[in-house]
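**Student:** What Swiss-Prot records for this protein is below:
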- 10-17, 23-24, 62, 89-92, 100, 116-117, 160-161: substrate binding site (BINDING)
- 11: active site, tele-phosphohistidine intermediate (ACT_SITE)
- 89: active site, proton donor/acceptor (ACT_SITE)
- 159: site 'Transition state stabilizer' (SITE)
């Protein structure tokens, strides 16, 4: 039986990350730094000897561009790639496109902090982290995890909050624990899974 390998990569810095804007389902591309982060992720995975069988990403360009750059560094651009909005970033609703300082002026520091850091309180017209997990987890269980358990080396390039959903189920974290977990941009996290989908080992390639 092949190893059951799953690699998660958060997209590199986007143009709106740089401008300190709430992004969500808006679709800015990577900055030069973000592209460099993605290429570096590919080099790190190449140094580890990874050969991927399949990749998953969101419908947003910053994640797709990250995946493309990673696969180019690996010389593995021909593998199947599945794109689905289930892996999209949390939808920030009325906050999307706003500078975070502007949002604090409009709604107040405390309210914006609640929207950003609570588990189940959504911003107006948007999703809470709980809502994001409810969208992402079924896709992971039904589409991604079966590939891993079949022994297919699987790469997922997505977003901070959608990847939190995967980390939450893989590491069996509580809502409080997942809220505290930050995923670095462009830093691969490698999971080796047991046959029952529990984590046998984890390696974080951040910096």
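Glycine too: its Cβ is placed from the backbone N, Cα and C atoms.
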**Student:** Between the Cα atoms of residue 100 (substrate binding site) and residue 89 (active site, proton donor/acceptor), what distance do you get, rounded to the nearest Å?
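**Tutor:** So the alpha carbons of residue 100 (substrate binding site) and residue 89 (active site, proton donor/acceptor) sit roughly 17 Å from each other.
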**Student:** Let me check the 10 A CB neighbour count of residue 10 (substrate binding site). How many other CB atoms are there?
**Tutor:** 29
**Student:** Residue 11 (active site, tele-phosphohistidine intermediate) has how many other Cβ neighbours within 10 Å of its own Cβ?
**Tutor:** 31
**Student:** Of 24, 160, which of the binding-site residues has the most Cβ neighbours inside 10 Å?
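**Tutor:** Answer returned by the neighbour count: 24.
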**Student:** Can you tell which of the recorded positions 11, 89, 159 lies nearest to residue 24 (substrate binding site) in space, using Cα positions?
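**Tutor:** Looking at Cα distances from residue 24 (substrate binding site), the smallest one goes to 89.
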**Student:** Hey, how far is residue 90 (substrate binding site) from residue 159 (site 'Transition state stabilizer'), Cα to Cα, in Å?
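**Tutor:** Residue 90 (substrate binding site) and residue 159 (site 'Transition state stabilizer') have their Cα atoms 8 Å apart.
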**Student:** With DSSP assignments reduced to helix, strand and coil, which class does the residue listed as 'active site, tele-phosphohistidine intermediate' get?
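**Tutor:** Its secondary structure by DSSP: coil.
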